[in-house]
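> My questions will all concern the structure given below.
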């Protein structure tokens, strides 16, 4: 297993797991989600093909009150 | 008589834009949005917290258009990245660009703001920058291709109203793009004044969400913005130092 840092918390993922596969394991709002890996935005269309590597920092963001 | 607010290629019949910060609950927020009549509502982006109910569902129920913001960003790089994440999350090129300069005033960092605005305009974003009431900075932002400029009337959340109305008038004269008063509003008369000074719209959050009765204040703001807009277009009477009788002469009988 690989370890990624998901929103500051270590998480086990299978080798070569994609962003889309990771998101499918999480309980998330249906809409309004954005993902960054190592500080870079991963566009929605790339979620199924973007493979995570051991040690990747993954941020999953959604709408919040503010501004 | 249509008097629509045009931002980029979109028309709005409401000239009140609502922020979502400060609401004590999503129910309070939903009621305030409905009472305000706002059609454009700004949202922040934060790490997912699946323990809280979905803000998105509330906003979708209200049928409002979303305006992602870069609240909490202190550098151009951070703001540009957040804007791109907002585009992914909400499927819109629109962004309320905030680049904060310091925590105490929450006023914009002009240098970073210009940098971020230039990059986002080049990236194809519809950029609505939160700025100061400096007319020169506003003109720079407009010249870069921002879709509007959004000067603060007073620091965010301060409720001090429009501390320098003269600057706001100068700013209004300095740009041809829409001017949206963003931040500082405390009560309805502040929103009306902003419109009377020539602003095209008002963006506020705390004045409503932190009011004792947010729904009632949202309705007050809705009417204040309409009243201020009508007054600005109607043309006020000049200020005189002496009285001018509305009925000349004196009664005879």
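Cβ from N, Cα, C; glycine included.
As listed in TrEMBL for this protein:
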| type | residues | note |
| --- | --- | --- |
| DOMAIN | B:7-248 | domain 'Thiazole synthase ThiG' |
| ACT_SITE | B:96 | active site, schiff-base intermediate with DXP |
| BINDING | B:157, B:183, B:184, B:205, B:206 | 1-deoxy-D-xylulose 5-phosphate binding site |
> Is it possible to get the count of other C-beta atoms within 10 angstroms of the C-beta of residue B:96 (active site, schiff-base intermediate with DXP)?
27
> What three-state class does DSSP give residue B:157 (1-deoxy-D-xylulose 5-phosphate binding site)?
coil
> Out of B:96, B:157, B:184, B:206, which recorded positions come under 8 Å of chain A, measuring Cβ to Cβ?
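Near chain A - Cβ to Cβ under 8 Å - we find B:96.
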> Which residues does residue B:206 (1-deoxy-D-xylulose 5-phosphate binding site) neighbour through Cβ under 8 Å, counting only same-chain ones at least six apart?
B:19, B:21, B:22, B:156, B:157, B:159
> Among all chains shown, work out which of the binding-site residues B:157, B:184 has the most CB atoms within 10 A of its CB.
B:184
> I want to verify one value. Collapsing DSSP to three states, which class is residue B:184 (1-deoxy-D-xylulose 5-phosphate binding site)?
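In the DSSP reduction, residue B:184 (1-deoxy-D-xylulose 5-phosphate binding site) maps to coil.
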> Do any residues at least six apart in sequence from residue B:205 (1-deoxy-D-xylulose 5-phosphate binding site), in the same chain, have a Cβ closer than 8 Å to its Cβ, and if so which, in order?
B:18, B:19, B:20, B:21, B:22, B:42
> Starting from the 1-deoxy-D-xylulose 5-phosphate site formed by B:157, B:183, B:184, B:205, B:206, give every other residue of that chain whose CB sits within 8 Å of the mean position of their CB atoms, in sequence order.
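Leaving out the recorded residues gives B:19, B:154, B:155, B:156, B:158, B:159, B:185, B:204, B:207.
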> Please average pLDDT over the domain 'Thiazole synthase ThiG' (B:7-248) for the predicted structure.
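Here the predicted model's pLDDT, averaged over the domain 'Thiazole synthase ThiG' (B:7-248), is 95.
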